[in-house]
Ligand code: G4P
Ligand code: NA
Ligand code: NA
């Protein structure tokens, strides 16, 4: 097990409905030492990619992205979620469905902060069905930029997002891939990587 898998075993809580709660270290209270290790690991895994910007999505992606960005020496742009239909200004927009919240959001990034010159590393905390990521990919594409890689903290391997994204040919690295969880015993099964 790597450091993140170990932490999930120690402090993650398996909930009914295939939900893994990691709010004591990842997406509510945040363990910055852990994020720093994640940054170091992403830097190692994406050492061959030429990255000049990190793009993530609010809210939980932002903290991780900021610490990861220290390891790449690049700025972070976070996509904003908005339910309003009349968004003004010069923005890239993608429609994103939320599995957990059962709603649709528009995800927006100002055209000022993404262009065809950008070589982007996408960062997020979770990958489940991949709708959030597909939205971010669409936004980078609209800008004419390049997605050089995708770094995820926890991938839920039993949902289809990871497969979809890899089949599209993206360099996707997930620090922990959860292939199964048992709410009765609290057991988490990780994919060997
Ligand atoms: P998808 O983008 O991969 O399709 O994700 P999905 O709609 O399935 O998930 C919606 C939200 O729920 C995402 O956050 C995602 O990070 C989160 N999520 C999915 N599965 C789990 C899980 O097992 N545990 C936890 N803790 N979170 C999970 P969000 O609500 O869109 O954003 P945020 O504001 O929380 O960052
Ligand atoms: Na997220
Ligand atoms: Na989340």
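Every residue, even glycine, has its Cβ placed from backbone N, Cα and C.
Unlike curated entries, TrEMBL annotations are predicted automatically.
The feature xanthine binding site is assigned by TrEMBL to 20, 27, 156. The annotation domain 'Phosphoribosyltransferase' is assigned in TrEMBL to 45-150. Taken from TrEMBL, the feature 5-phospho-alpha-D-ribose 1-diphosphate binding site covers 128, 129, 130, 131, 132.
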Quick one: of the binding-site residues 20, 27, 156, which has its CA closest to the CA of residue 129 (5-phospho-alpha-D-ribose 1-diphosphate binding site)?
156
Using Cα coordinates, what distance in whole Å links residue 132 (5-phospho-alpha-D-ribose 1-diphosphate binding site) and residue 156 (xanthine binding site)?
14
Just give the helix, strand and coil counts over the domain 'Phosphoribosyltransferase' (45-150), going by DSSP.
30 helix, 42 strand, 34 coil
Select, from 128, 129, 131, 132, 156, each of the binding-site residues with a Cβ positioned under 6 A from at least one atom of ligand 3; if none does, say none.
none
How many Å separate the Cα atoms of residue 130 (5-phospho-alpha-D-ribose 1-diphosphate binding site) and residue 27 (xanthine binding site)?
18
Do you know offhand how many angstrom separate residue 156 (xanthine binding site) and residue 128 (5-phospho-alpha-D-ribose 1-diphosphate binding site) by C-alpha?
5
Distance check, please: Cα of residue 27 (xanthine binding site) against Cα of residue 128 (5-phospho-alpha-D-ribose 1-diphosphate binding site), rounded to an integer number of angstrom.
15
Please report the Cα separation of residue 20 (xanthine binding site) and residue 131 (5-phospho-alpha-D-ribose 1-diphosphate binding site) in Å, rounded to an integer.
18
For xanthine, what surrounds 20, 27, 156 with a Cβ no more than 8 Å from their Cβ centroid?
12, 19, 21, 22, 26, 125, 126, 128, 154, 178
Assuming the binding residues for xanthine are exactly those in the record, 20, 27, 156, what is the maximum CA-CA distance in angstrom, rounded?
16
